[in-house]
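Q: Structure incoming, see below.
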Amino acid sequence: MHVSIVGSGYVGTTVAACLADLGHDVTNVDVDEDVVATINDGDTPIHEPGLDELIGEHAGDRLRATTDYDAVRETDVTFLALPTPSEDDGAIDLTYMEAGAASLGEALAEKDGDHLVVVKSTVVPGSTEDVVAPAIEETSGKTAGEGFHVAMNPEFLRMGTAVEDFLDPQKIVFGAREADAYETLGELFDPLVESTDAAVVETGIREAEMIKYANNGFLAAKVSLINDIGNICKEFDVDAYEVADAIALDDRIGGKFLRSGLGWGGSCFPKDTNAIIAAAQEAGYEPPVLEAAVEVNDGQPERLLSLLDDHADVAGKRVAVLGLSFKPGTDDVRGTRAVPVIEGLQARGADVVAYDPVATESFDEYYEDVEVEYADSAAEALDGAHAAVAVTDWDEFAALDTEFDAMANPVVVDGRHIVERREGITYEGLTW
Ligand SMILES: NC(=O)C1=CN([C@@H]2O[C@H](COP(=O)(O)OP(=O)(O)OC[C@H]3O[C@@H](n4cnc5c(N)ncnc54)[C@H](O)[C@@H]3O)[C@@H](O)[C@H]2O)C=CC1
Ligand SMILES: O=C(O)[C@H]1O[C@H](OP(=O)(O)OP(=O)(O)OC[C@H]2O[C@@H](n3ccc(=O)[nH]c3=O)[C@H](O)[C@@H]2O)[C@H](O)[C@@H](O)[C@@H]1O
């Protein structure tokens, strides 16, 4: 099939390269000329394992990129993989979706024949039909359900394993109204359904939109619940990781997403929990469990710092921060817990020196206002430090050993259950 994908960030680029790999002819449309040039050169604009190989293989053949929306007319289906950030109050900001839909509508105005528009972005229930479709109608002069059709296909990939997740999904959700839309989506994803155990869920558009928030909300709340339990464990000198290993044996609970500590960050859990809470409030319902999940999450960095206060007065002292990315395996720093930790340390008067294996540059660019010294290695960060805090669970932090000997005061507060306890250091775990 001929597919266009509007927006070529983490999701749009991954989906485009994977659909090309499944045999489709794919065009990425993005407003960013650098992103477009990078893809056409056979390179990846984002860092994801396996993505460079796929783009290298298919660019110039079944995969291309352009800034020109007119290219969508040559395709049967357009996915919208545009950003859906938060407003100041946490509510979803749909301005990118509206702008993309308006440009798409202008291009479709001159297309004869049918076109399917699929919202891939995470949007609150109602957005596809009440915001995206009218924006396309306005500039195309066509009517949704006649000149073009809309559908919703949420994405569940994780950063760091995006290609693997897309090519081996547990479920594929098609939200649509008409049989034709299910059929087109079915045809598009058929190679994936045939080659994996993926379940296909055919549902309504609003249900598809909500499934994405339910998925992320459930996972975020699961981590907050284990953090809540972990905080209780800490009060009673109980190891929350031993408790988690035991409850994981009950398959109604399961063993995933039970790592307690500093809590969730990233570009999606924080924004999506806030967006669905704001949407629920707007509709007249206060969701207490999701609100509590956010509250527990927001409290974890300060709990870590208060444990540090028990062991060291860091005013005027060098403190090492180990890890800047929001999770290991990525240089993405959006929503990272490193920010509240660093700000809390600086509020205590500490001189922060931070180290991350890959995310130093992105952190420095993304958080221009956060002033820290960067080290080239964990050993350099620890050298002369009066305390260290572990923020990201990079494997290399588990291997640290004699590097702690160079600390001026060997206190380690671990927010991720990653540093090994050893002789000679005062070790404090956040929930164990
Ligand atoms: N990043 C992730 O792991 C996941 C993200 N999502 C959702 O997917 C959506 C997209 O997220 P990301 O890919 O992370 O965003 P991103 O910020 O990485 O990429 C967005 C791209 O859209 C482009 N763009 C902006 N306005 C445009 C316009 N008017 N026309 C054409 N291109 C335009 C930007 O230049 C950028 O390349 C969001 O709703 C997000 O919540 C869903 C699952 C996973
Ligand atoms: O909507 C999205 O963008 C994506 O959000 C998450 O993916 P991602 O943000 O890449 O990262 P996760 O691996 O889910 O981790 C999120 C955060 O939770 C934290 N976490 C995760 C698991 C755990 O046990 N404990 C824990 O603190 C991680 O450190 C990280 O900060 C979801 O897992 C994806 O399914 C979803 O598509």
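Cβ atoms are placed via backbone N, Cα and C, with glycine included.
Unlike curated entries, TrEMBL annotations are predicted automatically.
Owing to the predicted nature of the structure, the values given are computational and were not obtained by experimental measurement.
Pasting the relevant annotations from TrEMBL:
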- Cys268: active site, nucleophile (ACT_SITE)
- Asp30, Thr84, Thr122, Lys271, Arg334: NAD(+) binding site (BINDING)
- Lys212, Phe257, Leu258, Arg259, Ser260, Gly261, Gly265, Lys327: substrate binding site (BINDING)
- 320-421: domain 'UDP-glucose/GDP-mannose dehydrogenase C-terminal' (DOMAIN)
Q: Distance between Thr84 (NAD(+) binding site) and Cys268 (active site, nucleophile) at the Cα atoms, whole Å?
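A: About 10 Å separates the two Cα atoms.
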Q: Can you tell which of Leu258, Cys268 has the most other C-beta atoms within 10 Å, given these are the recorded positions?
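A: Comparing the recorded positions Leu258, Cys268, the most crowded Cβ belongs to Cys268.
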Q: I'd like to know which of these binding-site residues, Lys212, Arg334, is least surrounded, judged by other CB atoms within 10 A.
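A: Relative to the other binding-site residues in Lys212, Arg334, Arg334 has the fewest Cβ atoms within 10 Å.
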Q: Check the Cα distances from Gly265 (substrate binding site) to each of the binding-site residues Asp30, Thr122, Arg334 and keep only the ones within 10 Å.
A: Arg334
Q: Of Asp30, Phe257, Cys268, Lys327, Arg334, the recorded positions listed, which put a C-beta under 6 Å from ligand 2? Please answer none if none do.
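A: Checking each Cβ against ligand 2, the ones under 6 Å are Phe257, Cys268, Lys327.
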Q: Of the binding-site residues Asp30, Thr84, Phe257, Leu258, which ones put their CB under 6 Å from ligand 1?
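A: Checked binding-site residues vs ligand 1; flagged Asp30, Thr84.
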Q: Using DSSP, would you call Lys271 (NAD(+) binding site) helix, strand or coil?
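A: Once the DSSP labels are grouped into three classes, Lys271 (NAD(+) binding site) ends up as helix.
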Q: Run through Lys212, Leu258, Arg259, Ser260, Cys268 for me and report the recorded positions whose CA is within 10 Å of the CA of Arg334 (NAD(+) binding site), in sequence order.
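A: The recorded positions close to Arg334 (NAD(+) binding site) (Cα within 10 Å), listed in sequence order, are Cys268.
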Q: Check the Cα-Cα distances from Asp30 (NAD(+) binding site) to the binding-site residues Lys212, Phe257, Leu258, Arg259, Lys327 and tell me which is shortest.
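A: For Asp30 (NAD(+) binding site), the closest Cα among Lys212, Phe257, Leu258, Arg259, Lys327 is found at Lys212.
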